[in-house]
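Following: one structure in structure tokens, then a few remarks.
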Amino acid sequence: MEIVCEDFQKALTKIKLLRENANIIEETVQRSVREIVQNVRESRDEALSFYTKKFDGVEIKDVRVSEEEIKQASMFVESSFLEALQEAKKNIISYHEKQKRQSMFDCTSKGIIRGQIIRPLENIGVYVPGGTASYPSSVLMNVLPAKLAGVKKIVMVTPPRAGGIDPHILVAASLAGVDEIYMIGGAQAIAALAYGTESIPKVDKIVGPGNLYVALAKREVYGIVNIDMIAGPSEIVVIADETGNAKYIAADLLSQAEHDERATAICITTNIELAKEVEKEIERQLETLPRSEIARESINRNGAIFIVPSIDEALQLSNEIAPEHLELHIKEPMNALAYVKHAGSIFLGPYAPEPLGDYLAGPNHVLPTSGTARFFSPLSVDDFVKKSSFLSYTEEALRDVKHHIVELANKEGLHAHARSIQIRFGEEE
């Protein structure tokens, strides 16, 4: 892992290059995704069968997982896993319940009524990855906020394996309250949710992380359906001063690096000795890490340790990066929170490591990546509702303001708008 001693602008340039390298998208992949989406739109289940056999090596007669399979899944998971899942569910619900908002009703003078109605989406699709790792936690993080919002129907898709779907995924789906589960993955699953097929219902919104093909497919169908966000590779920035623990920092950097080779792991520190210790510790921990090949490739391609003169500059650099995850291993981390402008999720102190947020604490782990934390937010209950405004005026109330409306409408050249007001008072031209 490279240790970089640069001024602010040079450090920022290097970091941007790391991110660009992580987000390079082959044009051939984009073309392939576009073709898959179009074929599923046109051929529906026939295309799903073709791509499932091609990409997953599995022939499936019925893509829907039966209720019996879901019930039997609990026989194949550990009691300790169920206990952990229940604890995570409790914390996720308690956190997200506080995000729920009420409809607004505002009654002003002269009988003017204005308001906003908040309603849940009717149905959503949740994508759960099934590649080099299985993610039951993603089921909870995507489904529970939707349930709290009041979504009527939740459909889940996840790639099939030779032996079926990982029972841990099925148990998590059952616990979270998923209504239907389908054995389908990749760009073809996103297309099926967006357009509908003979077997899979069309939904109003698609959420959930996935690989590059899934992310590009979500971009392709956006507008046909809504999506949560277009997630890029996982990323973490750790800011540390001389109080930082090299073992903790190295472990936290590797916790993101093991996701995939395109993940980004960056440490920004004011202490050169700590930087050297972190570098050594990463090498030591990689030797015993089961996913060391993936993590090492990620660290070599997209990892770095930056030396800066002050924590203030470290925070400025982090704000320019706008990372998915930001850890603060510094004295008085709570005092620095006010200076963090852009980050998906912020972890304060040595005992709030990023995996705590990934699995158990309650805040959502579906976060903006690739700098989009500047304008996107973590997944929340708000993502599963829509809002309608309403208003009611009395004749007297409209009469009082009609001249303003007519003036504005005529100024914009929209004379039918003006007439719509005037005709109610016998003033049409």
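Each Cβ is built from the backbone N, Cα and C atoms, and glycine gets one as well.
Under the three-state DSSP scheme, Glu324 (active site, proton acceptor) falls in the coil class. For Glu324 (active site, proton acceptor), the Cβ neighbour count at a 10 Å cut-off comes to 29, with all displayed protein chains included. Residues annotated as active site, proton acceptor in Swiss-Prot, with sequence analysis given as evidence: Glu324 (among others).
Positions annotated as active site, proton acceptor by Swiss-Prot, on the basis of sequence analysis: His325 (among others).
DSSP assigns Asn211 (NAD(+) binding site) to coil in the three-state reduction, placing it in neither a helix nor a strand. For Tyr127, Gln188, Asn211, the entry in Swiss-Prot reads NAD(+) binding site, with the evidence type sequence analysis.
Reduced to three states, the DSSP call for Asp358 (substrate binding site) is helix. Remark: Asp358 (substrate binding site) has Ser137, Ser255, His365 as non-local neighbours, by Cβ distance under 8 Å and separation of at least 6 in sequence. The substrate binding site feature in Swiss-Prot is assigned to Ser234, Gln256, His259, His325, Asp358, Glu412, His417; the stated evidence is sequence analysis.
Swiss-Prot lists Gln256, His259, Asp358, His417 with the feature Zn(2+) binding site, giving sequence analysis as the kind of evidence.
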Spatially closest candidate among Ser234, Gln256, Glu324, His325, His417, the listed recorded positions, to Tyr127 (NAD(+) binding site) (Cα to Cα): Ser234
Distance check against Gln256 (substrate binding site) for the recorded positions Gln188, Asn211, His325, keeping those with Cα within 10 Å: His325
Rounded to the nearest Å - Cα separation of His325 (active site, proton acceptor) and Ser234 (substrate binding site): 9
Among His259, His325, His417 [recorded positions], residue with fewest other Cβ within 10 Å: His417
Top Cα neighbour of Ser234 (substrate binding site) in the set of recorded positions Gln188, Asn211, Glu324: Glu324
Residues within 8 Å of the Tyr127, Gln188, Asn211 Cβ centre (excluding the NAD(+) site residues themselves): Pro129, Val157, Pro159, Gly185, Gly186, Ala187, Ala189, Ile190, Gly210, Tyr213, Val214, Ala217
